[in-house]
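Inspection log for the structure reproduced underneath, given as structure tokens.
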Amino acid sequence: MSHRSYEFTHALCRLPARSVTDGLRAADQGDPDPMVFAAEHGAYVSALRDAGCDVTLLPADEAFPDSVFIEDPALVLKGTAIILRPGAETRLGEAAALRPSLLEHMNDVIDLQTEGYVDGGDILCTDDRVLLGLSARTNVQGAEDLRPIVEGLGYALEVLQTPPEILHFKTESSLLDEGTVLATPALAASGAFKGLNVIETVVGEEAAANAIRVNEFVFLSAGHPKTEEKLNQAGYSLKVLNTSQAALVDGGLSCMSLRYSR
Ligand code: CIR
């Protein structure tokens, strides 16, 4: 059965570790509180279930403080998982740690063989295109070694430049439907979204851009009332979720699940 790029029957999530207090971040705004993080993560998992996903919840992995951000070490296309090579040294081992679960849950598993790097947070997929943003975590070598795998699965790979101040390509963009993305004005201005309609986040609400479309819903981070209103007006059905603790370690909605169909 074929699914649109935003239609998912399943999702894989990993509980936040207590060590998330050691998670990477660009600027120090204080450590996340593991208890509050767990509560926000629980609401996120419930929202995925409400949206129609069968969610598998993997145990916390204390060895990797950022392992709750399960989107980064793998990419799933058409039920096939590609094990990536995360670009932060403390996160490299997350790929091997996730492998057994991918073997258990996905139709097929392919290892990206590369000496370069690719983070899943830099990848935005439509039905037939994989947009990959080069960043501090994803380099040309990784992108070019990923190319044959992505093309072999029937997608065109487009390699783009993420503006330097942005952690991940999807930190500031997300797919709303097959022809539309939500993006910050800065990323929209980079020209990355040719052939797609762009709805821009309202100035001051840039963190809203890391949304996710899951079946009939768009998940949006709380605290962005003007962008919320804009998306409501555009006819999207929203689920607004708190991501205050993930945000302290530069995470958001997309990074906390690997969504897939099989
Ligand atoms: C990191 O810096 O890797 C984590 N603290 C946050 C990762 C967020 N992931 C994502 O945007 N895909």
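Using the three backbone atoms N, Cα and C, a Cβ is placed for every residue, glycine included.
Note that TrEMBL annotation is computational and uncurated.
Owing to the predicted nature of the structure, the values given are computational and were not obtained by experimental measurement.
As recorded in TrEMBL:
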- His168: active site, proton donor (ACT_SITE)
- Cys255: active site, nucleophile (ACT_SITE)
- Leu24, Asp66, Glu71, Asp72, Arg91, Arg137, Val249: substrate binding site (BINDING)
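This view paints the features noted in TrEMBL onto the structure.
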| residue | record | Cβ contacts under 8 Å, 6 or more apart |
| --- | --- | --- |
| Leu24 | substrate binding site | Pro65, Asp66, Ala88, Thr90, Arg91, Val249, Asp250 |
| Glu71 | substrate binding site | Gly120, Gly121, Ser254, Cys255, Met256, Ser257, Leu258 |
| Asp72 | substrate binding site | Asp66, Leu84, Pro86, Arg91, Glu94, Asp119, Gly120, Gly121, Arg137, His168, Cys255 |
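Cβ contacts within 10 Å of Cys255 (active site, nucleophile), excluding its own Cβ and spanning all protein chains shown: 26.
In the vicinity of ligand 1, defined as a Cβ distance under 6 Å, the following of the recorded positions Asp66, Arg137, His168, Val249, Cys255 are placed: Asp66, His168, Val249, Cys255. Within 10 Å of the C-beta of Arg137 (substrate binding site) there are 24 other C-beta atoms, taking all protein chains into account. Same-chain residues that are not part of Leu24, Asp66, Glu71, Asp72, Arg91, Arg137, Val249 yet have a Cβ within 8 Å of the Cβ center of the substrate site turn out to be Gly23, Phe69, Pro86, Ala88, Glu94, Asp119, Gly121, Asp250, Gly251, Cys255.
The record assigns Leu24, Asp66, Glu71, Asp72, Arg91, Arg137, Val249 to the substrate site; their largest pairwise CA distance measures 15 Å.
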